[in-house]
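Before any comments, here is the structure.
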Amino acid sequence: MSFFKKLKNRLVKSSSKLDEGLDAIVAETVEAQPEVVASPEVQPASPQEVAAPKIEEVVVSAPAKPSLMGRILGRESEKNIPRRELDDEMLERLEELLISADMGVDTALRVTANMAEGRFGKKLSSAEIKSLLADEITCIMEPVAKPLPIYTKKPQVVLVVGVNGSGKTTTIGKLASQFKAAGMNVVIAAGDTFRAAAVEQLQVWGERAGVPVLTAPEGSDPASLAFDAMTKAEADGADLLLIDTAGRLQNRADLMEELAKIVRVIQKKDPTAPHNTLLVLDATTGQNALNQVGTFQQLADVSGLVMTKLDGTAKGGVLVALADKFGLPIHAIGVGEQIDDLAAFDPEEFARALTGADI
Ligand SMILES: Nc1nc2c(ncn2[C@@H]2O[C@H](COP(=O)(O)OP(=O)(O)OP(=O)(O)O)[C@@H](O)[C@H]2O)c(=O)[nH]1
């Protein structure tokens with residue numbers, strides 16, 4: 001199965017929400033005017049039908065005879081495709097739909113306004129609307145779609161931050177597995193020393209990925225573990241050191257101090273570290289993900305994002321809002337709980353999967 005198909009299947013909730021919503025926006029006028037006026041001689045039977053003039057069957061130079069393939073596949077001929085005029089009401093409906101998919105008000109307005117430019121008054125099918133929206137979303141996402149940059153510096157230190165439950169541990173396991181498979185020597189440091197369960201979980205992921213996981217006794221200083229991990233990674237000639245961190249936002253000042261201390265300590269070994277500070281966000285939290293970026297930018301020097309749990313959420317649109325608002329690189333997306341369920345972020349595939357447009 002192509003990755004696009006897989007992503008579309010996984011993004012089923014977001015996608016079906018927009019996909020079905022867009023179909024409904026176009027179809028609703030068809031329902032209001034069931035007997036479509038196909039020729040000027042046919043008069044509408046009731047005043048209600050006159051009051052709903054927006055939909056009409058547009059004959060798009062249909063061939064006299066359907067093509068052989070058309071007949072074999074029984075495809076709907078072009079002239080039967082419902083279309084709706086792009087007017088203020090329709091734009092409002094589109095805005096509401098995008099907002100309901102967690103795209104945020106500002107981004108939804110920008111996407112619809114750009115899409116409408118030069119097309120006001122034109123009659124569009126739902127497939128055309130999906131494709132136009134996907135193009136606008138791709139434009140917003142393209143500048144932020146960047147894989148995690150890999151430097152020649154050894155070890156490259158990646159600090160992984162995010163609230164508890166966002167998917168940090170899982171993402172570290174998936175990243176470790178991918179970089180190991182690419183031939184890199186990877187070490188993981190289980191820096192959330194306050195939660196024994198988090199450390200155990202990371203050890204399981206380390207085993208799966210075939211990567212060593214450095215741990216410290218429960219409650220010990222995470223900065224000291226980070227220092228030891230740097231020492232070991234240097235001694236082993238590791239290419240990549242992934243450091244997990246705590247995500248207790250309840251005590252923001254403590255967390256800020258903890259992260260700052262980890263950074264201070266690893267900089268004693270390498271003043272240029274950490275080379276990346278990866279913020280892991282849970283797509284199912286919707287608009288809350290936007291607040292988390294703001295908060296973590298104050299706590300740490302966030303250099304890029306990974307959005308997890310894009311499978312099975314109706315809030316996938318938040319990724320568009322994030323790109324539009326912060327412009328931070330999106331390095332990867334999580335689309336499942338298995339080790340290979342971390343994908344590079346492809347803006348066009350994402351936009352088309354989100355809107356239900358064909359590729
Ligand atoms: N469906 C789905 N589930 C995911 C994804 N990423 C992580 N999860 C699940 O989300 C839950 C939390 O993930 P963790 O990796 O433990 O999150 P964490 O941020 O390390 O959380 P703490 O260990 O509490 O700090 C787990 O049940 C994961 O299996 C994803 O991309 N898709």
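Backbone N, Cα and C atoms are what each Cβ position is placed from, and that goes for glycine too.
Model, not experiment: these values are computed from the prediction.
If you look up TrEMBL, you'll see 69-141 marked as domain 'Signal recognition particle SRP54 helical bundle'. Looking only at the domain 'Signal recognition particle SRP54 helical bundle' (69-141), the predicted model's pLDDT averages out at 87.
Summarising the annotation, TrEMBL assigns domain 'AAA+ ATPase' to 154-355.
Feature annotation from TrEMBL assigns domain 'SRP54-type proteins GTP-binding' to 155-356.
Per TrEMBL, GTP binding site is recorded for 162-169, 244-248, 308-311. On its own chain, G165 (GTP binding site) has G247, D282 as residues at least 6 apart in sequence with a Cβ closer than 8 Å to its own Cβ.
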Task: Residues among the binding-site residues G165, K168, T245, R248 that border ligand 1 - Cβ under 6 angstroms, in sequence order - done: G165, K168
Task: Protein Cβ atoms within 10 Å of K168 (GTP binding site), excluding its own - done: 29
Task: Mapped DSSP class for K168 (GTP binding site), helix or strand or coil - done: helix
